[in-house]
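Below: the structure, in structure tokens.
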Amino acid sequence: MNYFRVKIAYKGTHYFGWQAQSIDTLHEEKPTVEGTILNALKKITNYQPCTVSGASRTDGGVHARGQIAKITISQKISPEHLLLGLNSLLPTDIRILECVPSTKEYQASRGSVSKEYHYYFIASPVDNVATSDIALHLPIDSIGPDDLALLRSACRLFVGRHDFYNFSSRGSGTSFREIFYCDIHRANFSPLANDMFYLKIIGDGFLKYMIRYIMGALLELVRGRIVLDDISLYLQQHQEDKLSPRAKAKGLHLIRIEGPK
């Protein structure tokens with residue numbers, strides 16, 4: 001068998017998450033990113049044994065610029081030809097960015113040291129049609145200096161090792177995670193939206209819906225519906241009810257996964 005480590009970017013708008021399911025080959029209206037890559041890989045290998053295993057199981061509608069996956073195929077092929085072959089068969093909203101040889105022992109889904117996500121949102125009375133499927137619309141006039149200071153104060157509460165039971169889907173197993181970095185930035189790189197901001201969060205791992213619940217709490221905070229003490233309480237004690245709705249998937253982007261090569 002031959003093994004490769006690939007870096008993948010995708011726009012998750014039209015996909016039902018990363019993880020392949022049997023429906024990928026049965027119902028094209030419900031594709032997943034992994035399943036779409038696997039179908040392309042089968043064509044390259046003439047339907048010989050092949051597998052794709054990702055490092056992060058992103059939800060439906062979530063995007064990625066730095067997903068990592070391991071590809072296993074029986075056919076001998078160079079990394080360069082595999083990259084070109086996959087990109088020629090994949091839809092334009094999925095791209096293989098890098099492809100390097102790997103080993104049988106390497107497991108993409110294990111051993112990551114950290115993961116970095118960004119959550120993009122636009123604060124304006126009217127949504128921006130150019131970014132409506134990659135950023136959340138927050139229907140307020142603007143985010144001023146005081147709002148930004150408040151959001152950053154809230155972000156600091158999440159840094160460190162905490163029990164994120166209240167900020168995740170119930171039944172996720174152990175709910176302790178360590179956050180290395182959490183802050184709000186203005187997305188100055190975007191000429192399409194001067195009012196775009198993003199949450200940058202880096203941690204040793206994230207529970208299901210964890211970042212979306214954190215972002216949901218930040219949105220409620222800037223709207224004045226909760227206060228900082230509410231966030232502190234929900235980090236300290238298990239609660240019956242959620243502090244906020246979870247933010248929509250479309251603003252979430254997987255940026256980077258650090259781990260063994």
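A Cβ is built for glycine as well, from the same backbone N, Cα and C atoms used for every other residue.
The active site, nucleophile annotation in Swiss-Prot covers ASP59. The substrate binding site feature in Swiss-Prot is assigned to TYR117.
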Next item on the list: Across all the protein chains here, work out how many other Cβ atoms are within 10 Å of the Cβ of ASP59 (active site, nucleophile).
Entry: 18
Notebook entry, point to check: By a simple count, how many Cβ atoms lie within 10 Å of the Cβ of TYR117 (substrate binding site), its own Cβ left out?
Noted result: 26
Next item on the list: Provide the three-state secondary structure of ASP59 (active site, nucleophile) computed with DSSP.
Entry: coil
Notebook entry, point to check: How many Å lie between the Cα of ASP59 (active site, nucleophile) and the Cα of the residue listed as 'substrate binding site'?
Noted result: 13
